[in-house]
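Written out below as structure tokens is the structure these notes cover.
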């Protein structure tokens, strides 16, 4: 046998050398083996030179037998032409090999074209080439043509096998024609072919894509009845569908069933479960599955990371998402389009536009060209940051790269310019959208109509709305609600009421927002009786009022001076679990400026009902600005109460107790009221309802201790003080105040729960007083109060923030020693 060195030397010589190689090795079959072991440069040389000296058919047969992998379109056409020209003609097996190789590269249209050419050259099909054609038609979502090929199969006398039917069933399911696929399964049985796991797998996949997971579970049960064992693909498909539906318990049960049967889970299965738990906010379960996945040597892929990155971004945990991206790079997993789009969307939504642009440059350098999702994320980010001009410039630049905008793109821009009061540019973009053939949808029209109404162009909005009514576009309740709201804001409440009453005749049913908008319009017209009647009709119509509905009506009653009706509504709202919003609180605060209209006690009771009930005390900028305005009116109200209570006033004068002037704060006034009767009066009127305690919480921080000291004699339960402070939601607390509060908690009997300590430590950690947290945690332990899992996590966080990782690991050791289950909050992201 000639050595590889001899072959290479022969190749580099002349044509005579090539003939020598061919004559000696072709018959023995060793030429193919030696050439495959050669370098690619020698191989291409052999292929080029031998094609001129061989009989033609040897070359293509060698290529087919060696296996076609990733064949390019031009190479496939050239190879096919060579086969057609060769004499004698190749067998159908050779053509089947070529078509199968091209099919694997997803060039389905090319396969169908070559099949047609083969037939035109007088070469008839067999069952294998016909099956390939059926597969290609199905992959191209042309099942009608696939059925015609099936008819040809039967006409030629071939019997369709299970593969033929499975291919057609899969194609029908891909097109969403699941019912037709089920009918074909019955025909399959009639033709003597029994459905297998592939058949049912296709049916299950189609059912899950249609959103009917319960039916997919029924099919799985039927498979068990027919003794057809489902494989990992079938189970993974149903698990993924359950996770998308949010049925995580059912998904885990099915996962455990699969494991019990000895079917090994794949990375696809874990990706679905991890994504489902992350979307449901169950980060612990997701992290546990991730650890379980790695322990089983199932390597996370780019989809795994994409699921986690997307979940972190949607939860607002951008830092953790970026750390996962770095982990991908460390593991040599190349981020794809989905990874970059998720990160860019998160950065844009958090106004990190410069960093988002850097990510875009990195994306382009890594051969991931931005798509329409990338463009829309940037536009949303720019518009959210009120940089609509930058958004438009970015849109123009990215359009030059050949990226075509869609309806969502234009809708984002139109909305951004409408909200920025640049209505002219919004109109130009709307016209440009239509001129470029991008048809506006209901969302676009709704945005544009809302922009016209908000910018004082009600008449133009009504004209457009009238045109839409005449068109064939179906108008939904969202569109009608926008117009009704615009009419109410524009002073056309009667016209809005007429349109509202005509909704049922138009086949449109009002929703909660529609009712709320109409109630708001009636309230602005001072038609409170009609608004109240509509409010009750809303409930009878099956639409439960929301917090916005309640607050709208309550504000109207407050502005009308009807405290009784507003108090009744606020109690009803509280029973439904809603709270007063910032606008309602502002009206209550303004009430204090009218002491003649509202007596002191009534004002304080109003504070109790509205101000102290609100969940927005520490979140609303409007309320923070109003907090300083609240203290003096409260003092005024207390002053009024004492002034009107003559016996108390006389008693105070007898004791020479100075009643503080109006410019003093309420806390200073309480400090001076050392008379037992004075304290008892205040306590009797306000302690039972919790007004006094809540009022004290809104005094200046430096005066709070004075108030607590004077009321610690038993008139107010000292144990309630720290609990109510913690439950009211402290956002900013000074060091001295935190120490005093901690000492009060330590000295109280019965002692506070660890949950109360967690609240205090969490607030301190949020205000970056990490050293103080660690000191107080140590003191808590020295006082015999043991840590729990949450306080230990807070300690780990504080040690990490202070860059004292050694101490953090020692606390981690304590967690393990105490046999607590590790929690994902112990790290910024789950470790892989």
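The backbone N, Cα and C atoms fix where each Cβ goes, glycine too.
Annotations in TrEMBL come from automatic prediction, not curation.
As recorded in TrEMBL:
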REPEAT    126-160  repeat 'PPR'
REPEAT    196-230  repeat 'PPR'
REPEAT    231-265  repeat 'PPR'
REPEAT    266-300  repeat 'PPR'
REPEAT    301-335  repeat 'PPR'
REPEAT    336-370  repeat 'PPR'
REPEAT    371-405  repeat 'PPR'
REPEAT    406-440  repeat 'PPR'
REPEAT    441-475  repeat 'PPR'
REPEAT    476-510  repeat 'PPR'
REPEAT    511-545  repeat 'PPR'
REPEAT    546-580  repeat 'PPR'
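When Cβ-Cβ distances below 8 Å are used as the criterion, the repeat 'PPR' (231-265) is approached by residues 197, 200-201, 204-205, 208, 211, 213, 216-217, 220, 223, 272-273, 275-277, 279-280, 282, 285, 296, 298 of the same chain, each at least six residues removed from its ends. Counting only same-chain residues 6+ beyond the ends of the repeat 'PPR' (371-405), those with a CB under 8 A from a CB of the stretch are 337, 340-341, 344-345, 347-349, 351, 353, 356, 360, 363, 412-413, 415-417, 419-420, 422, 425, 433, 436, 438. As a summary of secondary structure, the repeat 'PPR' (301-335) carries 26 helix, 0 strand, 9 coil according to DSSP.
Listed as Cβ neighbours of the repeat 'PPR' (301-335) (distance under 8 Å, sequence separation of 6 or more from its ends, same chain) are residues 267-268, 270-271, 274-275, 278-279, 281, 286, 290, 293, 342-343, 345-347, 349-350, 352, 366, 368, 828-830, 832. A mean pLDDT of 93 is what the model gives for the repeat 'PPR' (336-370).
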